[in-house]
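Read through the structure below, which is laid out as structure tokens, and then see the notes.
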Amino acid sequence: DSGPVHSWTLELLCFFSQYTDKEEVVLWMNTVGPYHNRQETYKYFSLPFCVGTKKTISHYHETLGEALQGVELEFSGLDIKFKEEVMQTTYCEIDLDKAKRDAFVYAIKNHYWYQMYIDDLPIWGIVGEADENGEDHYLWTYKKLEIGFNGNRIVDVNLTSEGKVKLVPNTRIAMSYSVKWKKSDVKFEDRFDKYLDPSFFQHRIHWFSIFNSFMMVIFLVGLVSMILMRTLRKDYARYSKEEEMDDMDRDLGDEYGWKQVHGDVFRPSSHPMIFSSLIGSGCQIFSVSLIVIIVAMIEDLYTERGSMLSTAIFVYAATSPVNGYFGGSLYAKQGGRRWIKQMFIGAFLIPAMVCGTAFFINFIAIYYHASRAIPFGTMVAVCCICFFVILPLNLVGTILGRNLSGQPNFPCRVNAVPRPIPEKKWFMEPAVIVCLGGILPFGSIFIEMYFIFTSFWAYKIYYVYGFMMLVLVILCIVTVCVTIVCTYFLLNAEDYRWQWTSFLSAASTAVYVYMYSFYYYFFKTKMYGLFQTSFYFGYMAVFSTALGIMCGAVGYMGTSAFVRKIYTNVKID
């Protein structure tokens, strides 16, 4: 009855989620771990729980995303059939020796709870509890399952833990379960609604923060337009007037501002290989964010385990030509010769950062025997995606970028000798501009960061992707406006080092996000331990860096268009 053919059939039935009467329903045990450390999870049977009498179904990972997220599905051994009620039945007994008791006591002290799945619907239960003095510890031994069905589909599952038994060494503890079926009016497509939290995500504060950011965008765009249009009009008028004068009448002492650096403004940036690779990677991250958010808005990705991560990996691999195109064309425009090396750096910049962090955290996960330890086969699969999908597509994008838009068609000729940069006030220095540049973009997104952090590091399912799309658009507009203003001030101070300044002033948003993550960790969570701390700060560093590279690329692209525009309109002899 439980051979490989039946196992395959069960997986297929779980996929289609349709049952006939008395057909087997599989209860998968997933992971167990401390409530306050969501990412620190272990196999359910790493605790000395016993298995039901029914034959085991083969352990499997469905998707790459599940494997990377530490999903460890193991068959519970409980005999459950569709619409067939089960009275309280003992399914196994635990021989509680001292070692097993210590394992359960440790789990109870650390507030361990476990996760199970029936027909892809998650269920959570707590391992046990301690008395008020913390001296005696009790294990919940009775799993009371209530399953709701609509037609031939399962639409609701509830678990009640009962049967509190004191943990005493050298005793036998009977584990039991019961199953009750009830009709439900919930539609199959709406069965995940009970896991969502509208009161949290659609709170007035959330709406207010979006409105606040939107008003800031309108104000900032208006301010930038007004300042720049008025100032540039004045500058153009002055330069036109100067061109009409004779050389003897022109007061060279009055010449200042951004026109003076026209012969150096299109000079290649320092370290063009790294710079163009960062811009290419940033454009790719932006396109991935946009596509994944749109897919998440159309499809309810939160209903399937690991689907968000699987989608992000697939989209990242598929958008590799974007990286190659923008990175390769910028490198060619800046006169770079070693384009193959640039392509390799651009292709592996983000994957190396992510895999390097994951590799470090993996060592800690292996030491802890956590389910988050990435299997060797999954590592090989990710490496294959990098070498056989991302790299070739990046090569295609680089060749297209170099050939289609790699010509340095700048509106101004570049001088042979760089112009000396005059001294300026301290607040006009690139380092100060870079530090201040990220404050407004961070201000436009930090409330949304709270909701995103809470959904990832606490037990909330993020589903308001419309908000996220709006915040992404707001972030891009604010970033471009701020970097344009910063660049204009820099050029007016006759400093032509605008490329790195525009990139870094936008990317500095990431520094503020990472600083906010420290506040969130210490004041908004109850996380503890080496594993959870390294996991949190490691992946927050990856997230912040990726966000910084994306903002930097967006800021640079907007500023580049602005610089090209103003120097195209200036008549230069």
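Every residue gets a Cβ built from N, Cα and C, even glycine.
Curation plays no part in TrEMBL annotations; they are all automatic predictions.
Annotated transmembrane segment per TrEMBL: 205-228 (among others), in sequence order.
The list of residues near the transmembrane segment (274-298) in space but at least 6 beyond its ends in sequence, with Cβ under 8 angstroms from a Cβ of it, reads 308, 311-312, 315-316, 319-320, 322-328, 330-331, 334, 336, 342, 345-346, 349-350, 465-466, 468-469, 472, 476, 499-500, 503, 546, 549-554, 556-557. Summarising the annotation, TrEMBL assigns transmembrane segment to 274-298 (among others).
Tertiary neighbourhood of the transmembrane segment (310-332): same-chain residues 63-66, 272-273, 275-277, 279-281, 283-284, 287-288, 291-292, 295-296, 301, 339, 342-343, 346-347, 350, 382, 385, 389-391, 393-402, 404-408, 553, selected by CB-CB distance under 8 Å and a gap of 6+ residues from either end. Per TrEMBL, transmembrane segment is recorded for 310-332 (among others).
Annotated transmembrane segment per TrEMBL: 344-368 (among others), in sequence order.
According to TrEMBL, the transmembrane segment annotation covers 374-396 (among others). Outside the transmembrane segment (374-396) by six or more residues, the chain places 61, 64, 67-68, 313, 316-318, 320-321, 323-324, 343-344, 346-348, 351, 355, 358, 362, 365 with a CB less than 8 A from a CB of the stretch.
Positions annotated as transmembrane segment by TrEMBL: 431-453 (among others).
Using a Cβ-Cβ cut-off under 8 Å and counting only residues 6 or more beyond its ends in the same chain, the transmembrane segment (465-491) has close neighbours at 201, 206, 210, 213-214, 216-217, 220-221, 223-224, 227-228, 231, 257-258, 261, 265, 286, 289-290, 293-294, 296-297, 428, 430, 433, 436-437, 440-441, 444-445, 448, 451-452, 497-498, 501-502, 505-506, 509, 551, 554-559, 562-563. According to TrEMBL, the feature transmembrane segment maps to 465-491 (among others).
Residues or ranges marked as transmembrane segment by TrEMBL: 503-523 (among others). Note on the transmembrane segment (503-523): residues 275, 278-279, 430, 433-439, 441-442, 445-446, 449-450, 453, 457, 475, 479, 482-483, 486, 533, 536-537, 540-541, 543-545, 547-549, 551-556 of its chain, located 6 or more positions outside it, place their CB under 8 angstroms from a CB of the stretch.
Counting residues 6+ beyond its ends, the transmembrane segment (535-557) has Cβ neighbours under 8 Å at 39-40, 278-283, 285-286, 289, 326, 350, 353-354, 357, 360-361, 364, 372, 437-438, 441, 457, 475-476, 479-480, 482-483, 499, 502-511, 513-514, 517, 521, 527 in the same chain. The transmembrane segment feature in TrEMBL is assigned to 535-557 (among others).
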Cβ-Cβ under 8 Å with the transmembrane segment (205-228): same-chain residues at least 6 beyond its ends: 440, 443-445, 447-448, 451, 464, 467, 470-471, 474, 477-478, 481-482, 484-485, 488
